[in-house]
């Protein structure tokens, strides 16, 4: 139990926080006499209310102990809850102190809401972190990751043992400085950059709603889980959170419940210096149900009541604003930025132990707390066992639906799915690769159950509409076309959440290639967190023409080729586009980016789906002995130029090899023998051509080779003129090749 002085201090700090946040800064202030009307009476009053009374839908949960408070039933007595909450706090304090690095303030303040979530509310199996129908939890404020590690440890996850807590932030540990799903089973998504987590949570909740709508039956509910998230002031400030929250409200994601850690402290100090908007009203305007828990430090019943109310609202997501004290319990650093991102220090740790009445040595969890939490192992096993039995009955009654859902749960693709991809011959009509991409997308959606996606308000231009399906909307969540609106950053992060929900969910999202600048943060997290999102990026070069340099990507290919665990495809025609999709669908732990043309391109002789699998391959060659006079290398629309230049040179008696370098990363994975067969080390006469930055091409053409490209921004003019003016021509390739002879 906390000492009397500690409670007095915390209440004083809490009063200051509430006053600061909801008084002087002109944020919403609600009358203390506001009563708890029934849901129906609230709806009736809201329908006819003025703007002032509409604010009452915030429903502040007044700190009081009353039989009238509608709460979840506590699972145990108050003393165990207090000890459990303080166990979470001190595991975080001790780990940060041992590492001499970390963020103890958030775990100390958020421990009560986190305890109630993991101990009383969420459904999960600690011994199988990947059980399909588990509730998902995302810590969007990822810097406070010791909160999550402490919870996983108490709940019995094998991934976070005591030695893992003691190795917090150390080399090779399972407890890195921000949550990383690929390192620690039990972590759903990687969160680091603020705002990514809440957007990922929207993707997780979308996936649940979509799958429930597709597969649940009136007599069988096999998809039924919630997505919970804790986010902080920093997440709220980042624009991505607003993009994602806007979509969550529009889609009516009723099983998304977000806890806003309202502690009004960020790294630089009190949020008053830069963040004074009314978050409650903003989220209401975005279509969320909003609840305010005034006492997040000790108001356990208020937190329980808020969760119960949130679950009762099924047609919209819920934001529970929980006013907390950062660093709760620290007598000298609580409620200050000094506890945000640094260890408390030995003296303050001791003072905090005394203040909260915690006599235990570092990393010690009281036996009664261990005993209390130990029930989650058998309970979790029983939950999964019950679900397995339900699914077995579902499978007998609905075998076709069960087979599709199994494919999504396991990631096992249907046999022969790749045969649905279209193939082309040189006699096939030329077309823009964005149009050829649409043929592939629609073919895949018919045979891959978990294939879904959409565009940032550009579906009619980047050709990404699935014609056999309708739009995923609030009333039609079973459909597969996702309308993201003009929200690139949120779109990418939401797709990460979809991809990480289940192995067989394969999301794609689309915009113009140049606008990857607006979602690069999410794309990097795709690569880092091993989320196999497919990025369909059209208008790939100066070939888009008159829109000009703002829309013409120059450095983008090079920048994504530099990004680890990313496949950057630039297909030249239909076969290469189909080949790129074949790889993208199978690479579930690596995102793929397809840069596609606006202008029509011919179906080239020598291209193939199989060649794309190698990343770089020969499409034509009139040499022998693996010793051509010159090697011409191209990608995308410029592969045609390389092929035409080769014909000119061959007519002059030269032996020329033309190589398509559709995906550098896949070529790097090939054997040395294969690489030598395509780019023989004895042949230094090499020319590359690509309507983009030449940065990086030295790796391919070597020190004596030549690279034709664009190392400035583009211009506004018809595409043929741009290619001529920037020297992306057959003549330029021929001249460069002749310089070697």
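Placed from the backbone N, Cα and C atoms, the Cβ positions cover glycine too.
No curator has checked TrEMBL annotations; they are predicted automatically.
For 488, the entry in TrEMBL reads active site, proton donor.
There are 22 other Cβ atoms within 10 Å of the Cβ belonging to residue 598 (substrate binding site). Positions annotated as substrate binding site by TrEMBL: 103, 340, 434, 461, 539, 547, 551, 598.
The thiamine diphosphate binding site annotation in TrEMBL covers 143, 192, 193, 194, 234, 263, 340, 515. If you take the C-beta of residue 192 (thiamine diphosphate binding site) and look for same-chain residues 6 or more apart in sequence within under 8 angstroms, you find 142, 178, 525.
Take the CB of residue 263 (thiamine diphosphate binding site) and look out to 10 A: across all protein chains shown you find 29 other CB atoms. Annotation source TrEMBL lists Mg(2+) binding site at 233, 263, 265.
Annotated compositional bias 'Low complexity' per TrEMBL: 27-51, in sequence order.
According to TrEMBL, the domain 'Transketolase-like pyrimidine-binding' annotation covers 431-603.
Marked as region 'Disordered' by TrEMBL: 24-51.
The C-beta environment of residue 103 (substrate binding site), restricted to residues of the same chain at least 6 apart in sequence and closer than 8 Å, consists of 96, 143, 144, 145, 146, 340, 341. TrEMBL lists 103 (among others) with the feature site 'Important for catalytic activity'.
Positions annotated as site 'Important for catalytic activity' by TrEMBL: 340 (among others). All chains included, 23 other C-beta atoms sit within 10 angstroms of the C-beta of residue 340 (substrate binding site).
Ranked by CA distance from residue 193 (thiamine diphosphate binding site), the binding-site residues 233, 265, 461, 539, 551 have 233 at the top as the closest. The binding-site residues examined here are 233, 547; by Cβ neighbour count within 10 Å, the least packed of them is 547. Mean per-residue pLDDT, taken over the domain 'Transketolase-like pyrimidine-binding' (431-603), amounts to 97.
Closest to residue 547 (substrate binding site) by Cα-Cα distance, out of the recorded positions 233, 234, 265, 488, 515, is 515.
Fewest other C-beta atoms within 10 Å: among the binding-site residues 194, 265, that description fits 194. The record assigns 143, 192, 193, 194, 234, 263, 340, 515 to the thiamine diphosphate binding site, and the maximum Cα to Cα distance across that set is 35 Å.
In space, 515 is the closest of the binding-site residues 233, 234, 434, 461, 515 to residue 488 (active site, proton donor), judged by Cα positions. Using a 10 Å Cα-Cα cut-off from residue 194 (thiamine diphosphate binding site), the binding-site residues that qualify among 233, 461, 539, 551, 598 are 233.
In sequence order, 232, 261, 262, 264, 266, 271, 326, 340 are the same-chain residues whose CB sits within 8 A of the CB centroid of 233, 263, 265, the residues recorded for Mg(2+) being left out.
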